Amino acid sequence: MRLGGRIAAAIEILTDTATRRRPVADALKDWGLAHRFAGSGDRAAIGNIVYDVLRRRRSYGWRMGNDSPRALVFAALMDSENLDAEAMLAALEGDRFAPEMPSAADLQRFAASDITQAPAAVRADLPDWLAKAFETSLGEDWIAEAEAMSARPPLDMRVNSQLSTRDQVIEALSPFNAVPAALAPQGLRIAPIVGGGRHPNVQAEGAFQKGWFEIQDEGSQIAAALVGARPGEQVLDFCAGAGGKSLALAAGMEGQGMVHAYDADKQRLAPIYERVKRAEASNITVHGPREDLFELDAAMDRVVVDAPCTGTGTWRRRPDAKWRLSASAVDKRAAEQDTALDAAARFVKPGGTLAYITCSLLRAENADRIEAFLQRHRDFSAGDSPAAWAEAMPDAPKSYRAETVGWGTALTLTPRLTGTDGFFFAKLVRQ
Ligand SMILES: C[S@@+](CC[C@H](N)C(=O)[O-])C[C@H]1O[C@@H](n2cnc3c(N)ncnc32)[C@H](O)[C@@H]1O
């Protein structure tokens, strides 16, 4: 496909997403099925344009003076390829599949626009109500934090230290230029996509099949490391889902002790079995939702609640979610978070710790939940998460955001500060 055809496809997919209010991944998949002539390179390039638009929909609309899918697609292309109006016109010269261009005035306006003059929520590329929530949650740097969440994400991997080393995996993935992650001790990173390219399918590599690494955002790896689980301990991963944290915890414990991986949802848990097998993680026991966990009561050194959340910290990867999120969805997640925390608390042994993790940056899902938990559970107190960071990653710069909760301190990771997805981490200690 030439550029014009890709532009037309991106406009069609964005229109479909907007009119039917459905996830962009579904719209992209359906488009691919209906246009089988399009190769994987075309689909990747179209996907990049669509995702770029969704990351910066509001600022592009403001800069273009027009927020139609057509205007936004041209804005995204000019921005990501660094094209001015003339270069854009030249790139489409004689391309019979190219849709009608925005007016020359719109293109000039875009190229000359000064985003610093735009209202704060436009600069932050957020709906108005979320801009307010971001300000409350992240303080004076909230616009810069939100801007960083509109960038393309890297591809992060965690090396399974039980089966391999970072050097071995770098060697095995040598065509893809993976480099050690800046913070996470077992992390590897492949840089964000440039232009119309795509990330390699690393899961098709022999090293992946052999269990040498998992795909896992560096922020998620750090959150697991902050739990501080030691070899020989008993750990309950209460919201284990597909097992990302369980696997990281089990490897960090050097195969000794036990990670009990539990989830209330059988479907969510389903992929964990295959992943545990591939990683040869002998110190993970999976507990399905029907299992009674009474034997673990007050017996766990550490309990992890990687809670269900709105995922605002992952908008670089799922940018459509920020335009679909509603205030009522935040309230619903907050209630689920309280339920999960309350249900998990009883498994912590006296002197043991409860780690609360979300991949959201909203205070309502983070510090507010911890404060409310401490009111309900007088036998717990908030711990010192910066100390957990210093212990888990002594050489790493302290680039997180620290915040007082109860008498303790919680941490927030963000794309701007730690170069990771957004994560919140708080530690609670049972008296
Ligand atoms: C953020 S996901 C977990 C991701 C996973 N820990 C990982 O690292 O791959 C949250 C999980 O919490 C589970 N969950 C929600 N409420 C729960 C509850 N009350 N008890 C146990 N699990 C719950 C959901 O089914 C979902 O799988």
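Positions of Cβ are set from backbone N, Cα and C atoms, glycine also.
If you take the C-beta of Cys359 (active site, nucleophile) and look for same-chain residues 6 or more apart in sequence within under 8 angstroms, you find Gly219, Ser220, Cys309, Gly311, Thr312, Gly313, Thr314, Asp421, Gly422, Phe423, Phe424. Secondary structure at Cys359 (active site, nucleophile), as computed by DSSP, is coil. Look at TrEMBL and you will find Cys359 tagged as active site, nucleophile.
Remark: Asp263 (S-adenosyl-L-methionine binding site) has Phe238, Cys239, Ala240, Gly241, Leu269, Pro289 as non-local neighbours, by Cβ distance under 8 Å and separation of at least 6 in sequence. The feature S-adenosyl-L-methionine binding site is assigned by TrEMBL to Asp263, Asp306.
According to TrEMBL, the domain 'SAM-dependent MTase RsmB/NOP-type' annotation covers 145-431.
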For Asp306 (S-adenosyl-L-methionine binding site), nearby residues of its own chain (Cβ under 8 Å, 6 or more apart in sequence):
Ala223, Asp237, Phe238, Cys239, Ala240, Gly241, Lys245, Ile357, Thr358
